[in-house]
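According to Swiss-Prot, the features are:
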TRANSMEM  12-32  transmembrane segment
TRANSMEM  70-90  transmembrane segment
TRANSMEM  102-122  transmembrane segment
ACT_SITE  ASP123  active site
TRANSMEM  137-157  transmembrane segment
ACT_SITE  ASP141  active site
Amino acid sequence: MSKSICSTGLRWLWVVVAVLIIDLGSKFLILQNFALGETVPLFPSLNLHYARNYGAAFSFLADSGGWQRWFFSGIAIGICVVLTVLMYRSKATQKLNNIAYALIIGGALGNLFDRLWHGFVVDMIDFYVGDWHFATFNLADSAICIGAALIVLEGFLPKPTVKEQA
């Protein structure tokens, strides 16, 4: 018996589309309006700064000769497949987990697009305090982190009790 997509977690795939539109749109604006390395202050402690990331988070393996592009692309595809299957197997009413999965999928697909299209990931958010700068990141990275945090949070929330019928 097949399930209606609306009754599964796939009902939340619109979140993936929203993340992709926002992420790829922001990267397009950076690519069209910034030179590599250019910085524009937004607020105290926050800049827009165009950087290219050839590795993973925190530029992990960025100088590894190019194989990491395909390695991280494969990981992103695998994660997207696994999370999509988990969404299909869960009920649409499991909002927190499904939204978390959708945020991670959207972020992974945004960065995957960059890796495959440009050969690098476009980063632009530069958070700093004084002279200390956090690693430059993008909106896809933010979606992935928020999704992961929601999964952890869900683990700490009390499970709904099922009322027994007499």
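Heads up, the Cβ atoms here are built off N, Cα and C, so glycines get one too.
Here the transmembrane segment (137-157) touches the transmembrane segment (12-32). Their Cβ atoms form 3 or more pairs under 8 Å, with each pair 6 or more residues apart. For the transmembrane segment (102-122), the list of distant contacts is 12-20, 23-24, 27, 30-31, 50-54, 69, 72-73, 76-77, 79-80, 83-84, 87, 138-144, 146-148, 150: same-chain residues at least six beyond its ends, Cβ to Cβ under 8 Å. Scoring each of the active-site residues (ASP123, ASP141) by how many neighbouring Cβ atoms lie within 10 Å, the top position goes to ASP123.
Long-range contacts of the transmembrane segment (70-90) within the same chain: residues 8-10, 12-13, 55-56, 61, 97-98, 101-102, 104-105, 108-109, 111-112, 115-116, each at least 6 residues beyond the stretch ends and with a Cβ under 8 Å from a Cβ of the stretch. You'll find the Cα of ASP123 (active site) roughly 9 Å from the Cα of ASP141 (active site).
Mapped onto three states, the DSSP output places ASP123 (active site) in strand.
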